[in-house]
Amino acid sequence: MITTDICIVGAGPVGLFAVFEAGLLKMRCHVIDALPIVGGQLAEIYPKKPIYDIPGFPSILAGDLVDNLMKQIEPFHPTFTLGERVEHLHKQEDGSFVVETSEGTEVACKVVVIAGGLGSFEPRKPAIDNLETFEGKGVNYMVRDPETFRNKRVVIAGGGDSALDWTIFLAGVAEDLTLVHRGTTFRGAPESAQKVVSMAEEGHIKLLLKSNVTNVHGNGKLNAVTVLVDNDTPHEIETDYFIPLFGLVPKLGPIENWGLELDKSAIAVNTFDYSTNVPGVYAIGDINTYPGKLKLILCGFHEAALMAQSAYNIIYPDKKFVLKYTTVNGIQEL
Amino acid sequence: MEDAIKITVETPDGERVVLEAPTDMGLSVMEVMKANELNVPAICGGMAICATCHVEVLASGDLPEMNDDEAFMIESLPHATEMSRLSCQLRITPELDGLVVRLMPEA
């Protein structure tokens, strides 16, 4: 069990800056992120894009901003759990919390700060009736262990890079593999696209273009899918597994079930201190909402500062909060 | 309004709304829909990474070509059609006057 003062969910710019604001007030932080790297969307999606609205920086690359923030919080020695998604929030009798991740890591803390940005990226699910009934019973949205599919019949749907890559890989593992693609061409890596087309020509796999999976069937376990080819008559393909690979979409994820007040899948907060309806839980940055909310990094930074002074009252209930200027006091290492 | 065009948005329940969009503010179709309080999540804010502003173009003049980000994203959508676009990538310009789009169900 990791023990800390504040558990921050999300290692994007706002989560990282929250470490700084907390550190100034002598509060220790542990940061959890579903991505294996820090920086959130800045690192994952647009590290090489310049940002023009960070005060004091006419222009700064997103990746450089993350590097700078990491340097800025160094004196406060935050700890990190990366590559694990937060799953559960367990409220303790004394008012503190234990945050539990997808891998079972537990973080004991007095305050939880959700700085989850867009949320975590989850597989995009096609709208097929009953699809969810077969999840884990033949329908998989990602390939965790390719051995699962050894000598099985597999239908993959999708036309992006991951659909192509897994088709090539699983062709050598599965007994029988069909790739169903809506379009007639692939925009993914040309070598992969070429390879898939030639594998189909040589009869190693079946490639159905201008096609969609429209239905799934089975009795407790998946045994067939219906495919519509070029708007012709739908036909059934017997299969053990159906793997729809349609990319990722940001979702709030398990946080949705934490009893927090939500407004259009953002967390409603009080602008006095960015607290949620659950005492001790705050939400800052793109994941929160309030009248007049702007999804800007600089607004998230401001929210982090106000959150920290409020969290101070929970972590040090007997001490009075005094605003300290870094120009006067410098940075005291934690 | 001067320097404004009209675009028509069909909501998932089939209702059609006509919106006036200024051409001189560098807005996207997604931003105009959001400003008019249509239910467009547009989670990523316009970076072509979430597809929660996916529309089908029902009528238009010449549209700007898709960039790679948009094309890859649409390729990966299960319910895209030949006329699918990400509304965050469609800038409001005079050429877009009379555009009719249908909001696609959220991905």
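Every residue, even glycine, has its Cβ placed from backbone N, Cα and C.
Site annotation for FAD in TrEMBL covers A:ASP33, A:GLN41, A:TYR46, A:VAL86, A:ASP286, A:THR327, and the matching candidate from A:PHE17, A:PHE121, A:PHE242, A:PHE246 is A:PHE121. Ranked by Cβ neighbours within 10 A across all protein chains shown, the binding-site residues A:TYR46, A:PHE121 are led by A:PHE121. Candidate binding-site residues A:TYR46, A:VAL86, A:PHE121, A:THR327 yield A:TYR46 as lying near chain B, with Cβ-Cβ distance under 8 angstroms. The least crowded of the binding-site residues A:GLN41, A:THR327, judged by other CB atoms within 10 A of its own CB, is A:THR327.
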